[in-house]
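Participant: Among the features that TrEMBL reports, compositional bias 'Acidic residues' is placed at 121-135. Positions annotated as domain 'Histone-binding protein RBBP4-like N-terminal' by TrEMBL: 45-112. If you look up TrEMBL, you'll see 1-42, 110-141 marked as region 'Disordered'. Per TrEMBL, repeat 'WD' is recorded for 257-292, 304-338, 349-383.
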Amino acid sequence: MAARKGRRRTCETGEPMEAESGDAGSQGQAQVYLPGRGPPLREGEELVMDEEAYVLYHRAQTGAPCLSFDIVRDHLGDNRTELPLTLYLCAGTQAESAQSNRLMMLRMHNLHGTKPPPSEGSDEEEEEEDEEDEEERKPQLELAMVPHYGGINRVRVSWLGEEPVAAVWSEKGQVEVFALRRLLQVVDDPQAMATFLRDEQARVKPIFAFAGHMGEGFALDWSSRVPGRLLTGDCQKNIHLWTPADGGSWHVDQRPFVGHTRSVEDLQWSPTEDTVFASCSADASIRIWDIRAAPSKACMLTTASAHDGDVNVISWSRREPFLLSGGDDGALKVWDLRQFKNGSPVATFKQHVAPVTSVEWHPQDSGVFAASGADNQITQWDLAVERDPEAGDTETDPRLADLPEQLLFVHQGETDLKELHWHPQCPGVLVSTALSGFTIFRTISV
């Protein structure tokens, strides 16, 4: 593969990326910090962000942390690159007590890009203008919440015609579907928000619920090809198919898809075939299924030892016949579905030094993907990149010689990373959730 033109490879980590020492002997000396490569931070050293590595960077907190969220497609247009940005998220909390949890709709707006550093010799008048500008550039957050009994393990949003809905996996062992139209209205309209808070918030209930899983779970995916078709998988190894019925209801097949021997961790519908989906499990396997067969016979392909241990997450590319997986072993693997029965990935990447918690292909750029890990790294990758032998990276820092060629960017600074998503309408924009809150960013590399 030829190196992609115009792609900037940033092996320096983004947020934070440099270790600054407080030692007298090396005061102010900044060094690139590479997780898992080289010595750990010493006492007196701290990580600082390189703002020049970001086009956009914002953080938000919502009280109780969110294990999961989804980006809500909006009517503001596709391929939005003009700043400031507006985006909508649906998220679920993991609060300390069951009754303190909430399903939330977030509207983040006035998201400006990172500011260029001040030029040398800037005068007081320019500094005053900068302060006024700073006020105008403050990011804004509107939040509408509804009560939810029990922590929310996973949230996935879909549009059923003109109706946005969220499927929610509860730690209490049931999957619920909530209508989102009213929540989207109130985060856009302060008067509607006041009415909602006064008269409606406490009464919001799911439009459908299924308690047949016999325990909690995490795996959840809406079909992008058949509106309303849903898959749910639990920690008891079972997968159930939901089919939309008349009157805004669902028929849930009580017969589970049989094959996995331990918890089903993630599910992904095929983006090209109506009846095909993939699953991954704590039994270390990845399986491909076809719902046209009876649930006991629907497993068509299996890679039994896809990872060394639990397979936590998968993502099915919308542009290539590739499946991406991440496991407890910290590995990221790319599977060519045309060769899946061979049982060997076409690529394996090892940058994360703890379990991978989320993976997702870029919605527009076929070779690009992102991953997050329990090592508090978010990594961006491009399958089409090769190291430029004339660039001299390895001469400036020999540790870079060990980095995978396809690694574009390492983002840090979060605590206990759980999930990430590319914004489908704002190219290059990534959103992540962690114990430390939400981060919205775009790097110079993607």
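Any Cβ shown, glycine's included, is placed from N, Cα and C.
TrEMBL labels come from automatic prediction, so no person has curated them.
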Participant: Which residue counts does DSSP yield for the repeat 'WD' (349-383) in the helix, strand and coil classes, in that order?
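Facilitator: Once the DSSP states are binned, the repeat 'WD' (349-383) shows 0 helix, 19 strand, 16 coil.
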Participant: What is the pLDDT of the repeat 'WD' (304-338) when averaged and given as a whole number?
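Facilitator: Over the repeat 'WD' (304-338), the predicted model scores a mean pLDDT of 97.
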Participant: Let's see if you can do this one: DSSP helix, strand and coil counts over the repeat 'WD' (304-338), in that order.
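Facilitator: Across the repeat 'WD' (304-338), DSSP assigns the residues as follows: 2 helix, 18 strand, 15 coil.
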Participant: With DSSP as the yardstick, break the repeat 'WD' (257-292) down into helix, strand and coil residue counts.
Facilitator: 0 helix, 18 strand, 18 coil
